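Note sheet for the following structure.
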Amino acid sequence: MGSPSASSGAGDVEAARAAHLEMLSSVVVASGELEPRLSTPSLTHSYHHAFEGFVAELTEEEAAALSDHERVVSVFRDRALQLHTTRSWDFLDTQSGLRTDRLGRRASGDVIIGVIDTGVWPESQSFNDAGMGDVPARWRGLCMEGPDFKKSKCNKKLIGARYYGIQAGSAAPTSSNASLGAVTAAMTGSPRDTVGHGTHCASTAAGAVVADAEYYGLARGAAKGGAPASRVATYKVCSMGGCSSSALLKAIDDAVSDGVDVISISIGMSSAFASDFLSDPIALGAFHAHQRGVLVVCSGGNDGPNPYTVVNSAPWILTVAASSIDRTFQSSIVLGNGNVVKGVAINFSNQSLSGDRFPLVFGAQAAGRYTPASEASNCYPGSLDVQKVAGKMVVCVGTNSMVSRRVKKLVAEGSGASGLVLIDDTEKDVPLDAGSFAFSQVGADLGAQILDYINSTKNPTAVILPTEDVKLFKPAPMVASFSARGPGGLTESILKPDLMAPGVSILAAAMPSTDKADVPDGKKPSAFAIKSGTSMACPHVAGAAAFVKSAHPGWSPSMIRSALMTTATTRNNLGQPVASNTGAVATGHDMGAGEISPLRALSPGLVFDTTAKDYLNFLCYYGYKAKLVRMVSGDAGFACPRGAPSPDLIATGINYPSISVPRLAAGKAVTVSRTAMNVGPSNATYTATVEAPAGLSLKVLPERLVFSRRWTTAAYEVSFGSAGASKGYAYGAVTWSDGAHSVRTPFAVNVV
């Protein structure tokens, strides 16, 4: 992968492609293969807008020779990436405590969001362009056609749609693709979404207002995106088989050239297979997009709640964690003794209080011949005796993490059970969609009550009622159990994730399902779906960023990120600190700066503008050589700062809206510098307050920042010291306030 490119015309494109072919041919010759090639290598993709590079099929020897070329920054395999899979926007408005109508009127103009995902279902009403003005004249994108997708499918809302073919075997399978498998077949030659993920994400970010949206009667209300006035352009790089990293890199290159303002990417590598920053296609593409003034928002991954699982953690990427909203889906279990146990799930069963009661049996009591009770109690595949289960309500536990909830449901359903009660605290915060099969999940405490009832009577019975909405649920938000946690695996000197947004049970547009198992009996396929994941949180932030961009078109990507981070909330709807799924107070490594508050972000008071030089210095401090950094950036005059490489200097010298100190030893203070820019009124004075745990000493100098005019800057330092603090990470914040604005900068300090 080479340096940035400024080419745009057809002649420049052909010239760049010719240069790439020339470089490729020279490498094939230089590799000195003993056996001649059966065919000349060809370019799969050629990048020439935001940056310069190409994709080709090479041998190991050719790839090694190419990596030694003086113009090459990095060479890496084309890998298979994985997808990170209405009420939410109203909930965010409610949490802000501000008037939506007054502040919303400040947001105007045409902002374009590029969604890189599985494509789009253009017939969805979420992409209706009624009342929208002409497409911005600066738009240079395409509406590509396919057998099932005509140019007429694009309109003034959905202004662009591209797709990228994946050649068979071009993305090698890896163990990180447990949920999607490897890319093994050519993608559909069309921008049309055949998965549903991309349509859901695009409508969450910028969908038009659709009245009376619902999912088979659940979550009924007006569906809308975060920036309903914004335009959408979709870039299909994924199919059901996975996502090609080379296609994704090409999509970023095209999106920047097309003229998008914000890019939303709900895709990433598994945290177990993290690449360094210049070998990660998302990080590399996002770096060059940022150079061209385009904000890239990415999901942080679904490998939580363990630490060191967050991905897409480069500092020039806005990394998003997932949270719950104030709505849940209750699936009540009515026991034969009249007790009602309130479980969580989405099911559309036909069971009722006035109907039949079903015999209730614990899985261990219905084990098949020669099957250990421990396997049957976990609904392990093949573990249940069909004759002991058929027509009965089965109770299983989740002590075996190798068997997912969906597999347990399929095992019970396949054995002829009338329903399944799952006792498992894992993922209890994320309702499973069981379709027409009666299903409900409870935690260990309520599960003990059910098991006690089974043991207390000779003929236990139960029914599971169809799901009901529970509105105004408290507490909310809460960090989702699956949401990946920091610190980042590549560096702990940048606090990741950056912030948090709704990602649990989100209603948004979808492709109508053709699978009968997904459609309740007697119903037509829904035009909407309820999905969970950091994939759903990411487009919330992309929509919020577009909202801020529309009000402040001159702001840089890092200014927009800063506004969203420093105005985020850390309190739930009970007025208490936001908690993680375990009930413990959420930390910066769980939720970053907190839950986004888009309305507050319109007027943040101060922002931290992380500059291009900050990012180049970051690369130097991280350990990259100055020559490589110059090649990546295209800045021939750049020199690494004194002291590089030094990971410790990342924390102290990069002007980021949060602070992470990966090592604080007793008796050795660490001083961090930051520079704030006033984007509020003139003649403003801000005073610092500190939140810090016992044993951690903090000193802020100066304690007051004075700004005579808008757009002026002021620098300050925060010194950290250990005064008997417990070892491990300590969390807190420095907040600057002028009485009207609160600018909160969270920190994480590792005491060693």
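Each residue, glycine too, has its Cβ placed from N, Cα and C.
As recorded in TrEMBL:
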ACT_SITE  ASP117  active site, charge relay system
ACT_SITE  HIS197  active site, charge relay system
ACT_SITE  SER535  active site, charge relay system
DOMAIN    13-84  domain 'Inhibitor I9'
DOMAIN    110-574  domain 'Peptidase S8/S53'
DOMAIN    654-749  domain 'Subtilisin-like protease fibronectin type-III'
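Cα separation, HIS197 (active site, charge relay system) to SER535 (active site, charge relay system), rounded: 8 Å. Straight-line distance linking the Cα atoms of SER535 (active site, charge relay system) and ASP117 (active site, charge relay system), rounded to a whole number, equals 10 Å. Cβ neighbours within 10 Å of SER535 (active site, charge relay system), excluding its own Cβ and spanning all shown chains: 30. All protein chains shown were included, and the count of other CB atoms within 10 Å of the CB of ASP117 (active site, charge relay system) stands at 30. In the predicted model, residues of the domain 'Subtilisin-like protease fibronectin type-III' (654-749) average a pLDDT of 96. Assigned with DSSP, the residues of the domain 'Subtilisin-like protease fibronectin type-III' (654-749) fall into helix, strand and coil as follows: 0 helix, 61 strand, 35 coil. Its Cβ placed at the centre, HIS197 (active site, charge relay system) has 27 other Cβ atoms within 10 Å.
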